[in-house]
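**Q** This structure is in C-alpha cells; I'll ask about it shortly.
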Amino acid sequence: MRISKDPEERKQEIIEMAMVLFEEKGIQKTSMSDIAKKLNVAKGLIYYYFRSKEELISYVIESFSMVVDEEIGKIMKNEGLDFYGKLGAILNLFFSAIREHPSLMNITPGNSGMFEYIKTRLSEIAITHAGVLIEEGKKAGFIENKYPGYMLKILISGIADLYMEGVTDPSIHRVLIEEALGIPEGKIVLKA
C-alpha cells in the first residue's frame, strides 16, 4: 500500500535526502534518480516537487541558509555572551558550516555560480544579524572602523574566498578580522 505524505513534509524529505547525497557523492555526481532511489519513490515524484536539479539545489541552499540564520539568531539572543563572544560564535558557525558541508562550497566549472549564490546568501544573513552586533560594538567603542557594516561584508566574502583557496587557519582569519574592524588583538576566539 502506498503511503501518502503531506506535500510540505515530502518536499522537505526530498531536500534533506538531496543534502545527504550531495555530501556523500558530490552535487555533480548525484542524480534525481539517486535521490528517488534512496527515498524509495518514483523519479517523477521528485520532478513533481522540483522542475530540475538546479531548482532542487536552490532549495537545498535556501534550507541550509535558514538553519544558519536560526543559529545566528540564537547566538544574538544569548545574554551569556559579550560582544566578542557573539562575534566569535557567529564566525565559528560560518566556518563550521563550510567545513561540515564541503559539497555546497565545492567550486567546479559547472557550479561556480552556486558558490557565489551561497556566499551571497550567507553574507546577507551575516549582515542582517552581525550588522546589528557590529553597530553595537562601534557605539560601545569595541570597533574602530568608519564603515564596519561594509567592512563586515567585504570580510565575509573575502574570507569565504580564502577558505575555498585552502587558507583555513583560524589564526589568520582572526587577525584579518581584528585588523579590519579595529578590534584589539586576541579578543576574538576562533576554533580550529
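Placement of Cβ uses the backbone N, Cα and C atoms for every residue, glycine included.
Remember, TrEMBL labels are computer predictions, not curated facts.
Taken from TrEMBL, the feature domain 'HTH tetR-type' applies to 8-68. What TrEMBL lists as DNA-binding region is 31-50.
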**Q** Going along the chain, which residues at least six beyond the ends of the DNA-binding region (31-50) come within the CB cut-off of under 8 Å?
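**A** Same-chain contacts beyond the flanks: 7, 10-11, 13-14, 17-18, 20-21, 25, 56, 59.
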**Q** Please work out the helix, strand and coil residue numbers for the DNA-binding region (31-50) from the DSSP assignment.
**A** 15 helix, 0 strand, 5 coil
